[in-house]
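Student: Take a look at what Swiss-Prot says about it:
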DOMAIN    10-68  domain 'TRAM'
BINDING   Cys81, Cys87, Cys90, Cys162  [4Fe-4S] cluster binding site
BINDING   Gln265, Phe294, Asn299, Glu315, Asn342, Asp363  S-adenosyl-L-methionine binding site
ACT_SITE  Cys389  active site, nucleophile
Amino acid sequence: MAQFYSAKRRTTTRQIITVSVNDLDSFGQGVARHNGKTLFIPGLLPQENAEVTVTEDKKQYARAKVVRRLSDSPGRETPRCPHFGVCGGCQQQHASVDLQQRSKSAALARLMKHEVSEVIADVPWGYRRRARLSLNYLPKTQQLQMGFRKAGSSDIVDVKQCPILVPQLEALLPKVMACLGSLQVMRHLGHVELVQATSGTLMILRHTAPLSSADREKLERFSHSEGLDLYLAPDSEILETVSGEMPWYDSNGLRLTFSPRDFIQVNAGVNQKMVARALEWLDVQPEDRVLDLFCGMGNFTLPLATQAASVVGVEGVPALVEKGQQNARLNGLQNVTFYHENLEEDVTKQPWAKNGFDKVLLDPARAGAAGVMQQIIKLEPIRIVYVSCNPATLARDSEALLKAGYTIARLAMLDMFPHTGHLESMVLFSRVK
């Protein structure tokens, strides 16, 4: 949602007003109207009335805070997490999953000017298989903080539980905190990452000063007692494997290895369903030549290769291209070619662009795929699946395809991050004959 900021903050009288909320935005704020202006109120849900005071008044919108809630929405629920409202991780735990999905689907439909065909979802709790926890030493108390950032702040919320983490990771939180808080180097710790792979649990510790032999021994004992693969990161380039083999996870019948620092989808359940639905929408045939743009380490590329005659994956990060090639070999897939190319540059001169393709899949970052849309149109694929983590750039890029004669055949909201403001989606475009 675009928000416009004027140079000067308007003064408010703190007058109490009564409002009726009619919508929920992606940040979990109730949306109401007052004096012809949109009013955003944290903590309120659709169908709720409340007394509020305006805290910020802009030309296009205003913000308010609740003085007293006068009624409860049928979609209101008690948040499961004791840190909700302070921790910046979740914005919508006070809303039912059904309300969250309906609100996100409605927002997607408005942007795309097309009805949402389906919601692709999995378990709403215990879904996140990766967590990055900030670490901060407090000199006054000589204690170590471990947790997530506060909403709108760089301060850390000490987190002892997190119900959106997979149970294995949530159970580890107090144990990891106790271990790290006993280290001599705790003044020089940056963050700790926990990852749950199919192969086991990973812990990656970022430290900014050398570890003493005693600290190293403590960490090794902890990793062995908890059955963790331990990795140490003294800087952003170096990653030392202390214990454990190359991690891997199952994806649509394939075994994919990855580096602990590689990007993998944090919601394994939705990822499996998303990949399966993409293959179904593309209707991949044994004779098809398929192009996968922004392919990463092959999340879609490799499953596509199990059904198509040939698949080309294009990715801008060399380490991910190398990992995709390695996983193709490990899974015995010989019909895959990966290219390391910057898709934000002139793609017409890149080697993959000279090939012909029957079908195309693209999964760009938040900036979208404006630089490749014309090249995709030139290829004249029968079907295109666009996976998006930013509905605004998806809507922008879709215009090029619609003008070129494609139509939206299917539109899905991907509930990849329940209880948060993140909205992901997937669209099938078909060429009009």
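One is the number of the first residue shown, and numbering goes on along the chain from there.
Including glycine, each Cβ sits where the backbone N, Cα and C put it.
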Student: Summarise the model confidence on the domain 'TRAM' (10-68) as a single mean pLDDT, whole number.
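Tutor: On average, pLDDT over the domain 'TRAM' (10-68) sits at 90.
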Student: Would you mind listing, in sequence order, the residues at least six apart from Asp363 (S-adenosyl-L-methionine binding site) in the same chain with a Cβ closer than 8 Å to its Cβ?
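Tutor: Asp363 (S-adenosyl-L-methionine binding site) has long-range Cβ partners Asp292, Leu293, Phe294, Cys295, Gly296, Asn299, Phe300, Tyr386, Val387, Ser388.
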Student: May I ask which residues of the same chain, at least 6 positions away in sequence, place their Cβ under 8 angstroms from the Cβ of Glu315 (S-adenosyl-L-methionine binding site)?
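Tutor: Set apart from Glu315 (S-adenosyl-L-methionine binding site) by at least 6 residues yet with Cβ under 8 Å, we have Phe294, Cys295, Gly296, Met297, Val321, Gly324, Phe338, Tyr339, His340, Glu341.
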Student: Could you state, as a whole number of Å, the largest distance between Cα atoms of any two of Gln265, Phe294, Asn299, Glu315, Asn342, Asp363, the listed S-adenosyl-L-methionine binders?
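Tutor: Roughly 22 Å, rounded to the nearest whole number.
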Student: Show, in sequence order, which residues other than Cys81, Cys87, Cys90, Cys162 on the same chain lie with their Cβ within 8 Å of the centre of the Cβ atoms of the [4Fe-4S] cluster site.
Tutor: His83, Phe84, Gly89, Gln93, Phe148, Val159, Pro163, Ile164, His419
Student: Summarise the domain 'TRAM' (10-68) as counts of helix, strand and coil residues per DSSP.
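Tutor: The counts are 0 helix, 37 strand, 22 coil.
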Student: Can you tell which of the recorded positions Gln265, Asn342, Cys389 lies nearest to Cys81 ([4Fe-4S] cluster binding site) in space, using Cα positions?
Tutor: Gln265
Student: Looking at Cβ-Cβ distances, which residues of the chain lie under 8 angstroms from Cys162 ([4Fe-4S] cluster binding site) while being 6 or more apart from it?
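Tutor: Cys81, His83, Gly89, Arg128, Ala131, Phe148, Leu169, Glu170, Leu173 - these are the non-local Cβ neighbours of Cys162 ([4Fe-4S] cluster binding site), listed in sequence order.
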Student: So what sits near Gln265 (S-adenosyl-L-methionine binding site) in its own chain, CB-to-CB under 8 Å and at least six residues off in sequence?
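Tutor: The answer is Asn271, Met274, Asn299, Met416.
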Student: Specify the count of other C-beta atoms within 10 Å of the C-beta of Cys90 ([4Fe-4S] cluster binding site).
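Tutor: Counting Cβ neighbours of Cys90 ([4Fe-4S] cluster binding site) within 10 Å gives 24.
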Student: Taking only same-chain residues 6+ apart in sequence, whose CB is under 8 Å from that of the residue listed as 'active site, nucleophile', what do you get?
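Tutor: Looking at Cβ-Cβ distances below 8 Å from the residue listed as 'active site, nucleophile', excluding near sequence neighbours, one finds Ala365, Arg366, His422, Glu424.
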